[in-house]
Amino acid sequence: EQGIADTLIYMLQQEGFAVDVFDRGLPVLDKARKQIPNVMILDVGLPDISGFELCRRTLALHPALPVVFLTARSEELDRLIGLEIGA
């Protein structure tokens, strides 16, 4: 949802954060291998990899990384999966 992303980007930048935005998950994983992010805000539904799988793989690289899922999906199972994998 581009409108939500734009608002979130604006708010974070106003607080002084540098923000990297990706519309696919695999480039995020590539960047996380090179640079430790301060926080990751993910959607569950990405076109190339599940947000859950991206979370798992990134946390395998950086176990202390804070991860937040921001998604339109509201199923309780999605929330449980997110919490179980470390978000």
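Cβ coordinates come from backbone N, Cα and C, glycine included.
Unlike curated records, TrEMBL annotations are generated automatically.
Features as listed in TrEMBL:
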DOMAIN    1-87  domain 'Response regulatory'
MOD_RES   Asp43  4-aspartylphosphate
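Other Cβ atoms within 10 Å of the Cβ of Asp43 (4-aspartylphosphate) number 17 in total over all chains. Asp43 (4-aspartylphosphate) falls outside any helix or strand according to DSSP and counts as coil.
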